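*Asks:* Here it is: the structure, laid out below.
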Amino acid sequence: METDTITAISTPIGEGAISIVRLSGPEAIAIAAELFEGKDLLNVESHTMHYGKIMDPDTKEIAEEVMVSVMRAPKTFTREDIVEINCHGGLVTVNRVLEILLAKGARLAEPGEFTKRAFLHGRIDLSQAEAVMDLIRAKTDKAMSVALKQMDGRLSALIQRLRQELLETVAHVEVNIDYPEYDDVEEMSHEMMREKTKEVHAEIENLLQVAKQGKILREGLATAIIGRPNVGKSSLMNTLVQENKAIVTEVPGTTRDIIEEYVNVRGVPLRLVDTAGIRETEDIVEKIGVERSRKVLKESDLILFVLNNNDEMTEEDVKLFEAVQGLEYIVIINKTDLEKKLDLEKVKQLAEGNPVVTTSLIEEEGVDELETAIATTFFAGEIDTGDLTYVSNVRHIQLLKQSKQALEDAMGSLEMKMPLDIIQIDVTRTWEFLGEIIGDTASDSLIDQLFSQFCLGK
Ligand code: GDP
Ligand code: ZN
């Protein structure tokens, strides 16, 4: 079994200026203690966090102001002593901290090495370790691009089919208009258009939904836990981590490694970037106001909003509800073991249809329901990863969104019984947007296609 101490930088994707340098191994605490100016880390309690400074041994100057978490074996991810140094400065300072740690005898972790240790020490099983490694590999390996190509093949086929359907619809409408056999041809054409646009719209919507799921599967669901102080955010974080075995990954970046932490909830990887509490937001609204909080929270894919069952609703809770309005969130009413003072009806009303789950984290009640809520929020209960057509390309997603919008315009015009030639414009736009995805040149005009495919030339 490995006995040296490893280190790597964690730069949570999508986070602000906070980076974590993580140390794991028998010397982790000793190395950190030697550089740290603050409490004597050798003598602090396990799983505590401390403010202080990292001193540069060369210049004897302050390299960085930090928060350091000390976690002693065996209750850690790797089952070794772990120290996490939360740096607030930019990349340069973080890299400097890493350099100092390396100079003091830590070794730069190889990709996947924290996970490997967790596995070797029985913290996670092989399938979990493999899942992590797959995830890492998928981001870097050729396998990913091959897989993507296959998926792209499937995507082109699907896009071509959708275009064909639009084309046929337009063609039929043209034919109906050109060769009217009935008086109510307009009516009939409207009906046909309505049906087709609805169908294609549903397929595009599905593609976009799956694209979102694919992104989540690859990158994890950026998850924020919010709530007033003391409602149980840390407890929730701990529960999720313990129940689901947090998985730390490092992804080889261009210049350094990135460490992320995943909690796998029913197949949904939650990206809880920081277990030390920074990801947990208590006074966000208080500090920066509703509008700006919304901006920050918008970067999360999922918000776990914790309330206290034992407290009446406060002004702050209401403000948090405002801040999360329209975002993807789950309300967790915690501390159900204590006397009920929170008005459930009011909560449900404010939650506007978002899931409301009750828990007692202390008695480990309701956690199952919460996990179900998390899983269903994004996958409607099931994930079939094998057979999906993923759209991962940003440009493709953009074009799909434009197609969807154009179709919605067409559908709106249909509702209003606008003339068909107006509606055709939007359908044609949809057809063109879809064509851009698969690289069909816009120079082949719709009309040319119509004539070549349906021999409408008289
Ligand atoms: P945070 O400030 O939101 O992170 O809240 P914590 O997770 O630190 O919890 C605050 C206090 O509430 C701690 O003393 C917890 O032990 C306690 N607590 C958390 N969940 C429950 C619960 O379900 N029931 C009770 N009775 N206490 C809880
Ligand atoms: Zn907390």
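Using N, Cα and C of the backbone, Cβ positions are placed for all residues, glycine too.
Heads up, here are the entries from TrEMBL:
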type	residues	note
BINDING	Arg22, Glu84, Arg123, Lys458	(6S)-5-formyl-5,6,7,8-tetrahydrofolate binding site
BINDING	230-235, 249-255, 274-277	GTP binding site
BINDING	Asn230, Thr249, Val251, Thr254	K(+) binding site
BINDING	Ser234, Thr255	Mg(2+) binding site
DOMAIN	220-379	domain 'TrmE-type G'
*Asks:* How big is the Cα-to-Cα gap, in Å, between Ser234 (Mg(2+) binding site) and Arg22 ((6S)-5-formyl-5,6,7,8-tetrahydrofolate binding site)?
*Replies:* 20
*Asks:* Taking Cα atoms as reference points, rank the binding-site residues Arg22, Glu84, Arg123 by distance from Lys233 (GTP binding site) and give the first.
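*Replies:* Considering only the listed binding-site residues, the nearest one is Glu84.
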*Asks:* Of Arg22, Arg123, Lys233, the binding-site residues given in the record, which has the fewest other CB atoms within 10 A of its CB?
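*Replies:* So among Arg22, Arg123, Lys233, the binding-site residues given, the one with the fewest Cβ atoms within 10 Å is Arg123.
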*Asks:* Does any of Arg22, Glu84, Arg123, Ser234 have a Cβ within less than 6 Å of an atom of ligand 1? These are the binding-site residues; tell me which, or none.
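*Replies:* The qualifying binding-site residues are Ser234.
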*Asks:* List the residues of the same chain that sit at least 6 positions away from Asn230 (GTP binding site) in sequence and have their Cβ under 8 Å from its Cβ, in sequence order, or write 'none'.
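*Replies:* Spatial neighbours, sequence-distant, of Asn230 (GTP binding site): Asn308.
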*Asks:* 10 Å Cβ neighbour count around Glu84 ((6S)-5-formyl-5,6,7,8-tetrahydrofolate binding site)?
*Replies:* 24
*Asks:* Over the domain 'TrmE-type G' (220-379), what is the model's mean pLDDT?
*Replies:* 79
*Asks:* Mind giving me a neighbour count for Ser234 (Mg(2+) binding site)? Other Cβ atoms within 10 Å of its Cβ, every protein chain shown.
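*Replies:* Its Cβ shell of radius 10 Å holds 17 other Cβ atoms.
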*Asks:* Using DSSP and collapsing to three states, where does Arg123 ((6S)-5-formyl-5,6,7,8-tetrahydrofolate binding site) fall: helix, strand or coil?
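*Replies:* Arg123 ((6S)-5-formyl-5,6,7,8-tetrahydrofolate binding site) sits in coil per DSSP, no helix or strand.
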*Asks:* Using DSSP and three states only, what is Ser234 (Mg(2+) binding site)?
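*Replies:* Where Ser234 (Mg(2+) binding site) sits, the three-state DSSP reduction gives helix.
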*Asks:* Is any of Arg22, Glu84, Arg123, Asn230, Lys233, Ser234 (binding-site residues) within Cβ reach of ligand 2, i.e. under 6 A, and which?
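*Replies:* Only Lys233, Ser234 meet the Cβ criterion.
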